[in-house]
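Per Swiss-Prot, the features are as follows:
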{"type": "BINDING", "residues": "Ser140, Arg141, Thr142, Gly143, Ser144, Gly145, Lys146, Thr147", "note": "ATP binding site"}
{"type": "COMPBIAS", "residues": "17-31", "note": "compositional bias 'Polar residues'"}
{"type": "DOMAIN", "residues": "127-306", "note": "domain 'Helicase ATP-binding'"}
{"type": "DOMAIN", "residues": "338-485", "note": "domain 'Helicase C-terminal'"}
{"type": "REGION", "residues": "1-77", "note": "region 'Disordered'"}
{"type": "MOTIF", "residues": "96-124", "note": "motif 'Q motif'"}
{"type": "MOTIF", "residues": "249-252", "note": "motif 'DEAD box'"}
Amino acid sequence: MTSPVPSEPVSEDTHDSSSGSEVEPSKTSTRAPKRRRLSESSDDSDDSYVAPAPLPTLSRIKKKGAPDAKPAAPAGQDNPVLIRDALEIGLREEASSFAALNVAPWLVGSLTTMAVRKPTAIQKACIPEILKGRDCIGGSRTGSGKTIAFSVPMLQKWAEDPFGIFGVVLTPTRELALQIFEQIKAISAPQSMKPVLITGGTDMRPQAIALAGRPHVVIATPGRLADHIKSSGEDTVCGLKRVRMVVLDEADRLLASGPGSMLPDVETCLSALPPSSERQTLLFTATVTPEVRALKNMPRSANKPPVFVTEISTENQGTIPPTLKQTYLKVPLTHREAFLHVLLSTEGNASKPAIVFCNHTKTADLLERMLRRLSHRVTSLHSLLPQSERNANLARFRASAARILVATDVASRGLDIPTVSLVINYDVPRNPDDYVHRVGRTARAGRRGEAVTLVGQRDVQLVLAIEERVGRQMEEWSEEGVSIEGRLVRTGALKEVGEAKREAMVEIDEGRDVLGRKRNKLKKVR
């Protein structure tokens, strides 16, 4: 049986005069066609070709490029803002009122490129007053935008009269200093601003050269800047005598007295700067202490305006975001590590970026090694690590290469890592204010977060003091279908965690790093 010949496509240019059902092939052309072309007329012998109708996709593209096409929708959250459009968008958008705060147009545009278009309460309150030249005490909970509240007016006043070292920012930790340094660099990108970072853990010589080069803004930890003032020579630090603006970020920690106080170093730094009557002083903190308030009562020159004080108060005394869920988990003293392992492994927490806070560096070191052996993606941040390793570990956590950061209170202040959705207090902090700063690493800028505190029999009074400080009681931790005690028994986690802990302790005793490599005890002589 002969199979039927498949039908060939027929040109759309059809004439009624053509013969009924029979179609003849066209006469041979000088250019041999790759495929047999059919024609409806026997006398159609030329090589003319009728193009097929455009494909729908092509026609849609054509319509987009047509002159009468509608203009593209303005860039939203899903569309990146181009630098050339940022200024126009920032000044035009009603939702953004930075322009209404008398912020310079170039700064409005720079903030818009960073997706910062609407000022927060602390920014609305402080920016206009700082631009007027007033000293300022700004109190607002963590994650409320205090860095922008002092950076924007500082950069605007510097741009009006750029010279030498215009501003100094003091902050208690190296990681927070690095974060402020990077944020100021980003905001000042349209201008030729020269910030410099002065922190411990790195060589002093390049820092001394940078200070002698008269940078525009110095971001420093008090201890290292005090070392330069004492030992680097007059030529290095003489530029500090013309500073116009000084910022104490996390001022409660900088001005606190007692063991480990930074106050002597802060006083050394301030002694190298102009007197308070000749400079502008800004204090920002999440917890306004009596030492911070004391700035308001300092003697002032007659021509200087009074200190501006603002405490942005919301519910829960303005310390804990309403989007933060606070819980506690009762744990026996001998099985705290096993409870932590199971808590991090539940269905609800297994994928959450988390920070685990400890009271001691040795505890943080041990937990990192133990959790690594239990197949958690973990890194650490504490003072036993060299500065280069601290920076690298923090970068890994920011980039989600590690899901868990085990840290001491060195990471509790100021660090802004928006992805963090879980904070675990492995050790209950002794000071309720430290608890406020720890849990402030999550639920930032309106996002949701959870804080879980592991509570033993000896920690009850500490928890009660924390609840009184924040004005809210903790709830007992629970997850649907999950029993921590049941999983410990059923899965054999107690034995697994015990073995991992013993291996970690042996590794520490042998002087190995977290990857099991033998540490080189020879130190470089500087």
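Cβ coordinates are placed from backbone N, Cα and C, and glycine is handled just like the others.
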> Which site among Gly143, Gly145 has the most other CB atoms no more than 10 Å from its CB, taking these as binding-site residues?
Replying inline: Gly143
> How many other Cβ atoms sit within 10 Å of the Cβ of Ser144 (ATP binding site)?
Replying inline: 24
> Taking the centroid of the Cβ atoms of Ser140, Arg141, Thr142, Gly143, Ser144, Gly145, Lys146, Thr147 as the ATP site, which other residues of that chain lie with their Cβ within 8 Å of it, listed in sequence order?
Replying inline: Thr120, Ile122, Ala286
> For the binding-site residues listed here (Ser140, Thr142, Thr147), which one has the lowest count of neighbouring CB atoms within 10 Å of its own CB?
Replying inline: Thr147
> What number of additional C-beta atoms lies within 10 angstroms of the C-beta atom of Arg141 (ATP binding site)?
Replying inline: 25
> Can you name the residues of this chain that are 6 or more positions from Lys146 (ATP binding site) yet have a C-beta less than 8 Å from its C-beta?
Replying inline: Ile122, Gly138, Ser140, Asp249, Phe284, Ala286
> Using DSSP, what's the helix, strand and coil tally for the motif 'DEAD box' (249-252)?
Replying inline: 2 helix, 1 strand, 1 coil
> In the motif 'Q motif' (96-124), how many residues does DSSP call helix, how many strand, and how many coil?
Replying inline: 16 helix, 0 strand, 13 coil
